[in-house]
């Protein structure tokens, strides 16, 4: 059993490395981070779809059955994601591209998945955490690509930022709090699984504080820019120099 899981994780790691190498070959004029973020975007879309299918269709429901035995499909998805997180953590450490908070998030994710695979249970709630963590990931990568291509300061950039903040607040903080409560009150999950859940939720709050600060600063900046434009228009109208059609 353990050998089979290790082989699945190694195959996943090899697959993500191969995809990254392919992106680097196809995007020679771009940075290594560009190719890595394409891999991250791909994993985000894939993991959202698969974890949503497990949580909403295949089951069991994580809010009522935390600590349930892992299903074969859950095991496959966890192995697939574990391979990705090992790849991404290694990339971040090698290129020193992320801070301590992101490294802590990746490390906790790896330990949480390994714990669920080793125990043979709690894959239900780990899969739910995966869905909540990855649902904002494609938007985060899209924001980065918009900045790199010079299209961030546009209506599209504003929409991406709004959706990212709304989803992060609603899903990772709001729904995440309910999931953590269900995990804590249930007698089924192991105590150290509950501690891991608290740690992951604490990391989400650390991210949330930074995101709210960014959203507030951007909102204030947008408001001042709007006020400035309004004042200029009033002055032009008052002086009679504003062209009207």
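Quick reminder: no glycine exception, Cβ is built from N, Cα and C everywhere.
TrEMBL tags one of the stretches 75-94, 135-154 as transmembrane segment, and that stretch is 75-94.
From the options 6-26, 216-236, the stretch TrEMBL describes as transmembrane segment is 6-26. Panel annotation: around the transmembrane segment (101-120), residues 5, 69-70, 75, 78-79, 81-82, 85-86, 88-89, 92-93, 126, 129, 133, 190, 192-193, 196, 199-200, 203, 206-207 of the same chain, lying at least six beyond its termini, place a Cβ under 8 Å from a Cβ of the stretch. For the transmembrane segment (158-179), the list of distant contacts is 62-63, 125, 128-129, 132-133, 135-136, 139-140, 142-143, 146, 197, 201, 204-205, 207-208, 211-212, 215, 218: same-chain residues at least six beyond its ends, Cβ to Cβ under 8 Å.
Mean model confidence for the domain 'TLC' (29-204) is a pLDDT of 93.
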